[in-house]
Amino acid sequence: MKLVVIAAGPFAVPMLRALHASSHEIAHVVCRPHRGRRSDPPLPVAACAEELGLPLWRPETINASDALECLAGLGADLLVVCDYGEILKPGVLEAARLGGVNLHGSLLPRYRGAAPVQHAVWNGDAEAGVAVITMTRGLDSGPIHGVARLAVDPDETAGELEARIAQLGAPLMVEMVDRLEAGTATPVAQDKSLATKAPRLSKEDGQIDWSRTALRVKNQVRAMQPWPRTYATWRAAGGDPVRLNIDRVSLVAEASGAPGEVLEAGDRLVVACGQGGVSLESVQAPGKRRLTAAEFLRGASLRAGDRFEVPSDPLETRQ
């Protein structure tokens, strides 16, 4: 099968390597252009394609008319899309004989959108996975060719889980492409009634809402790693507000206090939530390195009874 792989981010790299090692021909890899500084590292898929010696094409936008002409001229049997970062118009999918398939990081129809793994972690899901779907006009709504599942560790971050899901999805994609070539693919329509959304995260999503349960706060911290990271604002008596990045917390079930109240500030830093509390394990002040809570408290004026701000715009209305 003659393939054109359309991908950019790290989630797609294991899949690209697996397809390269398979019996299929990768005629071209399409990646987004490099938009950062010259010293910035290349996009992961571009770096992988160059390492493997694959032809690499980086159009400004793949939906432009001249790009569509070039894409059609490649004579691909199938487009394989993953972690590209640009919504493809119908004309792109018409450029290959069999259209396109997409590797999506969720158990569709749950979590359609740009941040499926992050939302699965934020919601505390015990199971996650990956799906290969036919690409259609709707966002992540095409028929499902196959899925693979795994258990979610209750302490792993979204970044850690996404790396595992990417590895899980690589052989799944090869298997589904094999079936398409053999004419044995049996895609199944998604149940629209079960569909949920997973919109792209923003920096504001990282603000901790202490009015939520301790478990919800812990899951938010996990979900926002490695980006955008969670943060909370504390104001010392008579001082300016200080925004702290908080990258790891543990549950303190017996904690009780007003949401955002500092309950302990000695050997550990415990903050009350709407139900229960959390112990802050990793804290970073602006311009400083990451510290354990004990290290941070040795140089900070934070005391029991101080308060972290509770956002006036609750996260649950923004999610």
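All positions are counted from 1 along the displayed chain.
Keep in mind that glycine also has a Cβ here, set from the backbone N, Cα and C atoms.
On a predicted model such as this, the values are computed, not experimentally measured, just so you know.
The secondary structure of Ser106 ((6S)-5,6,7,8-tetrahydrofolate binding site), as reduced to three states from DSSP, is coil rather than helix or strand. There are 24 other Cβ atoms within 10 Å of the Cβ belonging to Ser106 ((6S)-5,6,7,8-tetrahydrofolate binding site). Annotation comment: TrEMBL describes Ser106, Leu107, Leu108, Pro109 as (6S)-5,6,7,8-tetrahydrofolate binding site.
Model confidence over the domain 'Formyl transferase N-terminal' (1-176) is summarised by a mean pLDDT of 97. Among the features that TrEMBL reports, domain 'Formyl transferase N-terminal' is placed at 1-176.
Residues or ranges marked as domain 'Formyl transferase C-terminal' by TrEMBL: 200-300.
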Handout entry: Secondary structure tally of the domain 'Formyl transferase C-terminal' (200-300) (DSSP, helix then strand then coil)
Key = 21 helix, 40 strand, 40 coil
Completion exercise
Neighbour count check, CB within 10 A, over binding-site residues Leu107, Leu108; minimum at Leu107
Fill in the blank from the handout: Those same-chain residues, other than Ser106, Leu107, Leu108, Pro109, found with Cβ within 8 Å of the centroid of the (6S)-5,6,7,8-tetrahydrofolate-site Cβ atoms are His104, Arg110, Tyr111, Arg112, Pro116, Gly129, Ala131, Asp140, Ile144, Val147, Gln190
Fill in the blank from the handout: For Pro109 ((6S)-5,6,7,8-tetrahydrofolate binding site), the nonlocal same-chain Cβ neighbours (under 8 Å, six or more residues apart) come out as Ser141, Gln190, Asp191, Lys192, Leu194, Ala195, Thr196
